[in-house]
Ligand SMILES: C[S@@+](CC[C@H](N)C(=O)[O-])C[C@H]1O[C@@H](n2cnc3c(N)ncnc32)[C@H](O)[C@@H]1O
């Protein structure tokens, strides 16, 4: 790859944008090579510079728009254009929804599961709010030239944007991050430093419940004993809506943001969230959807497509804190949830008690390991909902599913490519009846959708 630095001046090139790529960048062609230009929209003619040259494609930077798309809308006021997570903020919302419908159509065309032309891909379900919907802020912290920076990295860079105005992030989570930065500065807390291998705070996570407005703060640290951390936690507890402060400990070698050890520094062990009149306790490391208002619609859609009957055993695979299984529990004989994170399993069990659900149990382990065990034990697996991470379903798991053949099967996915690839294998035994994209993350290219699979006779 040739990377062009700012001082090696590149000449301007003129590109007509043909379509959007999976990451929301404009796509055009230059000398028969595909070029990706973030911020450019389909139909536009733009002036760009090449920033990186790869054997099969080019990366470009938008310099100026010569011919503007009628779908272009102003970027949110006062927001740094370099902030990540706003890749589609220049595109009219109805076109964002169309883009998300096309993302899955393109993935189906690329991987072509059996009879893919016949799969009904519905229109994307719009989110109730296009802005300020995100309930969790996960900001990195660093010392830069003696000053603290707390925020998000500019895409493809190591440059942290300090306290970015995030028009997708709930205002209260942004206020809380600001106040925490002030407290860290005032108390001169140690901030983790990778270059000097110094222990300290690395990430500040603020999660808010939409139902109760409670705020849970987690300080992710490198090293366990950070001087002054307990006092900082007590000061954070005085901020509006904060009900607990946790420490999560990790190491530099860990590629994930979160480590495995979480301890409560002060306050409640959980925050309480509500979906479709059921209550859910959330511990810091347990997954919960980032857009609670739209989660209600996502789960309603999934439950409608599951079409359960009272005699069935429902497997809630990748169950998190037990949301889907608990919501479905009064429609089936029993629910068995499978989840890898132990705290999330504890939360799911606690959430059953909280909602007076007596026919659900949760197993800690990986779905690929636990599901074959259930099959061996002769558990009737007649209804299944899977909601895996972006990597999709494990191949061995798909093999098991093709043997077990649950009659009712719904797949919630957050990645159209892995979904389409998994459908290629699953369509050996199943017809893919329909896919409904649901917009969980307006202004971003992030995709979510519900798929109904029907066992072929
Ligand atoms: C997209 S979340 C879905 C959670 C839940 N269904 C919900 O809607 O809140 C995926 C969940 O799968 C868990 N997970 C990831 N890989 C897993 C695996 N191989 N087996 C079981 N659980 C897994 C994660 O911890 C996370 O809770």
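Using N, Cα and C of the backbone, Cβ positions are placed for all residues, glycine too.
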* Structure fact -> Note: TrEMBL has 318, 339, 387 binding S-adenosyl-L-methionine, and from 289, 294, 358, 377 that site also includes 289
* What average pLDDT is reported by the model for the domain 'TRAM' (6-64)? -> 92
* **Cα separation, residue 414 (active site, nucleophile) to residue 339 (S-adenosyl-L-methionine binding site) (Å, whole number)** => 17
* **Alpha-carbon spacing, residue 414 (active site, nucleophile) to residue 387 (S-adenosyl-L-methionine binding site), which is rounded to whole Å** => 8
* Structure fact -> Top of the binding-site residues 289, 318, 339 by count of other CB atoms within 10 A is 339
